[in-house]
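Colleague: For 1-15, the entry in TrEMBL reads compositional bias 'Basic and acidic residues'. According to TrEMBL, the region 'Disordered' annotation covers 1-25. The transmembrane segment annotation in TrEMBL covers 37-58, 92-114, 148-165, 177-197, 262-282, 302-320, 332-351, 415-440.
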Amino acid sequence: MAARREKNPSAERKGKNTQNGTQTSQVQWGRAWEVDWFSLASILFLLIFAPLIVYYFIMSCDQYQCSLTDPLFDLLTGNKHLSDIWSRTPTLTYRAAGIYTLWVTFQVFLYVFIPDFCHKFLPGYVGGVQEGAVTPAGAVNKYEINGLQAWIITHVLWFANAYYFHWFSPTIIFDNWIPLLWCANILGYAVSTFAMIKGHFFPTNAKDCKFTGNFFYDYMMGIEFNPRIGKWFDFKLFFNGRPGIVAWTLINLSYAAKQQELYGQVTNSMILVNVLQGIYVLDFFWNEAWYLKTIDICHDHFGWYLGWGDCVWLPYLYTLQGLYLVYHPVQLCTANAVGILMLGLIGYYIFRMTNHQKDLFRRTNGNCKIWGKKPEYIECSYMSVDGTKFYSKLLTSGFWGWARHFNYTGDLMGSLAYCLACGFQHLLPYFYIVYMTILLTHRCIRDEHRCFSKYGKDWKCYTAAVPYRLLPGVF
Ligand code: NDP
């Protein structure tokens, strides 16, 4: 389908394709061809403020015991100047640069040079060489799915070091957290800039590049769809999963080790955060092949949003709960701990089962059972640019009958559980649930806009059958 559409690029650029009776701009594949002023303003805002937000959060923990309001208060009342805060901020060190270089090199090595062996002995796990979705230009990329293996090897080495070799302290990440932030930024900006240059001068697949002519938009949202070096080094898969997500659980372990060092014990809240986020990370790697079919890989181009976001935003802001608990060790009463654990596990169950139901339904073309019954669905169709008609199905039973994005609801319940584990003393740990709510609500709207463009009146039938997005009866 995409290959045929790409044969008619002028029609695509004009953005006037008729699909299922709806006039639509070309939004369903990757990012836009044209930039409206609102998108441009949002992008400039993010380019300027996202790095400052990360710095502000981490600095608040380092200098203000995780208070988000005290630094502002100090600055507004003239108690402190920006230069005072900046002068107390740890700088880039050779040690941090060495650690970071070693870390990234090791992850590149695991990604490129060690073919997956987990799928050979783990029943049900899909690893090794897998195909991604069809790109807008009609290409189908092959990926070496070996993230679970990289995660296992890295963590085995981590524990071997902590309990046996003692090459370095398990608090190493916490102890170098701000110097490492500068390294992560250098890599994030370097890789985004490289991706921009590569998109212009030596793209992997020229037909899968998009140019808006606006420098900032192209830098942020990316030009190339699937930039690669050589046959296997895929930027999106590598930066999305490693070094950020492999690091996520190591960062949490380092925080737990720091609690142990400082207070002689690890609190139950820290264990909860480590366990719940650990399950989420492991789930990501267990389902890495499935992940090739999600919006991140299927629709987003590789620019600063993914490059910098994966290097800096994700490892620094997704791990705020653990960082907070180093400064404020919270020991939850058993009832609260159990309640939070249940919320996290139920959230995870909903997230996983909802994703699984759609995956099973689509893989079997509806020839499966959802909750023990034949699935209910709405037949839908869409047309490619060249007029070819395609058929698809939208599931309306199981969790997909409750709401149109119940997988996001489960994700949000899990996110809330991490935050609640930190108690109610400070705002900082709650950043994650606020951010995820904005991210997933925006994603809902973005995805539905795309689906409406694609399915037209059939999508309307679907939204009539399943009227709510996230919370049945509410939204
Ligand atoms: P989904 O997995 O929900 O995929 C949306 C697509 O599924 C739609 O575009 C449509 O594609 C298809 N679809 C929609 N409704 C139906 C239906 N009723 N039946 C069958 N197919 C349907 O979204 P994402 O890719 O965004 O998310 C995947 C997971 O990743 C989610 O669980 C989310 O919570 C998680 N996530 C986590 C993030 C984080 O930072 N922690 C960030 C983003 C996502 P089609 O064109 O094929 O019809």
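Placed from the backbone N, Cα and C atoms, the Cβ positions cover glycine too.
All TrEMBL annotations are machine predictions without curation.
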Colleague: For the transmembrane segment (37-58), find every same-chain residue at least 6 residues outside the stretch whose CB is under 8 Å from a CB in it, and list them.
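Modeller: The answer is 68, 71, 177-178, 181, 185, 214, 216-217, 219-221, 304-305, 308-309, 312-313, 316-317, 320, 323, 428, 431.
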Colleague: Below 8 angstroms Cβ to Cβ, which residues of this chain, lying six or more residues outside the transmembrane segment (262-282), approach it?
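Modeller: Same-chain contacts beyond the flanks: 148, 151, 245-246, 248-249, 252-253, 255-256, 318-319, 321-322, 325-326, 329-332, 337, 340-341, 344-345, 348, 414, 417-418, 421-423.
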Colleague: Under 8 Å for C-beta pairs, could you tell me which stretch among 177-197, 332-351, 415-440 has the largest tally with the transmembrane segment (302-320)?
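Modeller: Highest pair count goes to 177-197.
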Colleague: Sequence-remote contacts (6 or more beyond its ends) of the transmembrane segment (148-165), Cβ cut-off under 8 Å?
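Modeller: Apart from its flanks, the transmembrane segment (148-165) reaches 106-107, 110-111, 114, 116-118, 122, 125, 127, 241-242, 246, 249-250, 253, 257, 281-282, 285-286, 288.
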